[in-house]
Amino acid sequence: MPFLLAIDQGTTSSRAIVFDHEGQPIARAQKDLVQYFPGDGWVEHDATAIWEDSLAVAREALDRADVAAHAISAIGLTNQRETAVLWERASGQPVHNAIVWQDRRTAALCRELKAQGHEALVRRKTGLLIDPYFSATKIGWMLDHDPVLRRRAEAGELAFGTVESWLLYKLTGGAVHASDATNAARTLLFDIRANRWDEDLLALFRIPAALLPRVVDNAGRFGETLPGLFGAPIPITGMAGDQHAAMVGQGCFTRGMIKSTYGTGAFALLNIGQTFVESRNQLLTTLAYRLNGQSTYALEGSIFVAGAAVQWLRDGLRAISSAAETQVLAEAVADTGGCYMVPAFTGLGAPYWDPEARGAILGLTRDTSLEQVARAALEAQGYQTRDLLDAMAADSGTKPLALRVDGGMVANDWVCQFLADITGIAVERPRVIETTALGAAALAGLGAGVFASPADLGGQWHRDRLFTPHMPASRRESLYAGWVQAVRRVASDLR
């Protein structure tokens with residue numbers, strides 16, 4: 001029986017899952033990743049830890065599955081997107097901590113570039129906005145703050161990659177420097193219509209072309225692991241950014257299908273087919289996936305803080321000891337008593353794009369309880385999702401009939417039901433909620449010939465539970481109106 005190994009490198013942890021050829025998880029391993037916060041709004045990772053942890057969990061998953069390397073048909077890689085890694089080609093060692101997608105240190109530069117009128121060019125070529133979220137200004141910051149690094153980059157001595165590119169480089173012993181199209185599309189340097197690195201964008205952000213990896217499809221033969229890593233070489237045949245892998249894992253291969261993933265942040269992607277559509281409502285246009293050289297596009301809404309709000313209750317306030325407690329707390333009260341949490345810890349994402357916004361809990365009274373604050377943290381995920389779905393409906397002209405959800409938060413039944421209630425559409429939770437890893441494994445299977453076509457991948461999806469809206473429309477709109485007012489008080493551009 002062929003097995004597939006998915007390595008899923010995320011913002012707060014690295015995990016690996018062994019799947020069988022029917023898409024069922026056989027064994028998994030996970031290790032938390034330390035985050036560093038060296039300045040206000042700054043977020044970094046140790047790139048060496050990313051590599052070492054990813055290798056360790058892959059080995060552990062194989063051990064737990066009792067599967068030898070020669071029985072693994074292929075490896076699929078998926079990763080936190082936009083996070084920028086810079087390393088020395090000769091040694092394979094990082095020259096700076098990885099700057100994480102959440103990092104806002106380049107907000108002033110982004111404002112300056114917008115004021116100079118560059119955003120129209122960026123939107124036309126990349127489908128993105130000028131924002132610290134994306135990789136280009138992170139790379140530029142590293143080069144500008146160490147003149148030696150800029151000189152070495154221009155001389156071709158350094159390499160840039162998003163996390164999947166970094167892992168591919170390390171797994172192959174430096175033999176392959178490549179990035180998949182979905183990750184390249186998140187850098188602000190890649191023209192997603194022409195499918196190439198763009199000279200105008202490289203000049204705008206002052207990024208030397210010598211840094212850049214070769215761009216490949218999401219499925220194909222990219223290289224193989226060094227024999228010593230797992231006991232035998234394993235082909236690496238699938239790569240995608242985490243949200244794109246989740247789209248594959250959710251079987252969203254038809255125009256109009258939509259998925260939303262709830263992890264540290266939350267990300268909704270709507271399949272819009274093979275025609276580029278520029279958003280009029282502050283969404284991103286991005287690659288859903290690229291197979292056999294053919295691009296499929298998506299509208300994306302990015303929420304910077306989802307599960308991180310619950311982590312803050314646990315680790316920051318120490319109000320709870322585990323994320324699972326939030327469901328019990330939320331169910332213990334009938335409502336939040338007018339309390340809203342706007343979790344803009346690192347600014348607001350779509351559709352506001354306000355890097356200066358900061359989080360707030362509004363509507364507090366002497367009677368506000370921990371249960372109500374916990375419920376407000378969970379409700380915020382529904383309100384933010386409603387923001388995105390309304391913008392998508394305005395751009396596409398149609399409202400989706402169902403929302404496929406995944407990620408750690410959707411194990412919480414209360415969250416899924418509130419999502420259905422506040423959006424007014426059905427919410428579908430799959431049997432395998434680790435759909436990011438499943439999508440990476442499926443792409444690896446496609447690249448290795450285990451699956452013949454994307455249609456075979458869609459057959460891997462099975463529904464666990466359907467949540468339908470129960471909330472009266474008047475109540476839904478009243479709650480959402482309160483959210484809109486809360487955001488208005490937090491967002492710097494709306495005050």
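Cβ atoms are placed via backbone N, Cα and C, with glycine included.
What you are looking at is a predicted structure, and each value in this text was computed from that prediction instead of being measured.
Record features, source Swiss-Prot:
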- Thr11, Thr12, Ser13, Thr264, Gly307, Gln311, Gly408: ATP binding site (BINDING)
- Thr11, Arg15, Thr264, Gly307, Gly408, Asn412: ADP binding site (BINDING)
- Thr11, Arg81, Glu82, Tyr133, Asp242: sn-glycerol 3-phosphate binding site (BINDING)
- Arg81, Glu82, Tyr133, Asp242, Gln243: glycerol binding site (BINDING)
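Features recorded in Swiss-Prot, as mapped to the structure shown.
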residue: Thr11; record: ATP binding site; CB count, 10 Å: 22
residue: Thr12; record: ATP binding site; CB count, 10 Å: 16
residue: Ser13; record: ATP binding site; CB count, 10 Å: 16
residue: Arg81; record: sn-glycerol 3-phosphate binding site; CB count, 10 Å: 26
residue: Glu82; record: sn-glycerol 3-phosphate binding site; CB count, 10 Å: 26
residue: Asp242; record: sn-glycerol 3-phosphate binding site; CB count, 10 Å: 28
residue: Gln243; record: glycerol binding site; CB count, 10 Å: 28
residue: Gly307; record: ATP binding site; CB count, 10 Å: 20
residue: Gln311; record: ATP binding site; CB count, 10 Å: 15
residue: Gly408; record: ATP binding site; CB count, 10 Å: 19
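With every protein chain in view, the residue among the binding-site residues Thr264, Asn412 whose Cβ has the most Cβ partners within 10 Å turns out to be Thr264. Note: the glycerol site is recorded as Arg81, Glu82, Tyr133, Asp242, Gln243; in the same chain, Gln80, Thr83, Trp101, Arg186, Gly241, Phe267, Ser302 also have Cβ atoms within 8 Å of that site's Cβ centroid.
In this structure, the C-alpha atom of Gly408 (ATP binding site) lies 18 angstrom from that of Arg81 (sn-glycerol 3-phosphate binding site).
Taken residue by residue with DSSP, Arg15 (ADP binding site) is part of a strand.
Residues Thr11, Arg81, Glu82, Tyr133, Asp242, recorded as contacting sn-glycerol 3-phosphate, have a largest CA-CA distance of 15 Å. Rounded to a whole number, the C-alpha distance linking Gln311 (ATP binding site) with Glu82 (sn-glycerol 3-phosphate binding site) is 22 angstrom. Between the alpha carbons (Cα) of Asn412 (ADP binding site) and Gly307 (ATP binding site) lies a span of roughly 11 Å. The Cβ neighbour count for Tyr133 (sn-glycerol 3-phosphate binding site), using a 10 Å radius and every protein chain shown, is 29. Following the DSSP three-state reduction, the secondary structure of Glu82 (sn-glycerol 3-phosphate binding site) is coil. Cα to Cα, Thr11 (ATP binding site) and Gln243 (glycerol binding site) are separated by 13 Å. Counting in whole angstrom, Gly307 (ATP binding site) lies 15 from Gln243 (glycerol binding site) by their C-alpha atoms. Between the C-alpha atoms of Gln243 (glycerol binding site) and Thr264 (ATP binding site), the distance comes to 12 Å. Arg15 (ADP binding site) counts 24 other C-beta atoms within 10 Å of its own C-beta, drawing on all protein chains shown. The DSSP secondary structure for Tyr133 (sn-glycerol 3-phosphate binding site) is coil. Maximum intra-site Cα distance, glycerol binding residues Arg81, Glu82, Tyr133, Asp242, Gln243: 15 Å.
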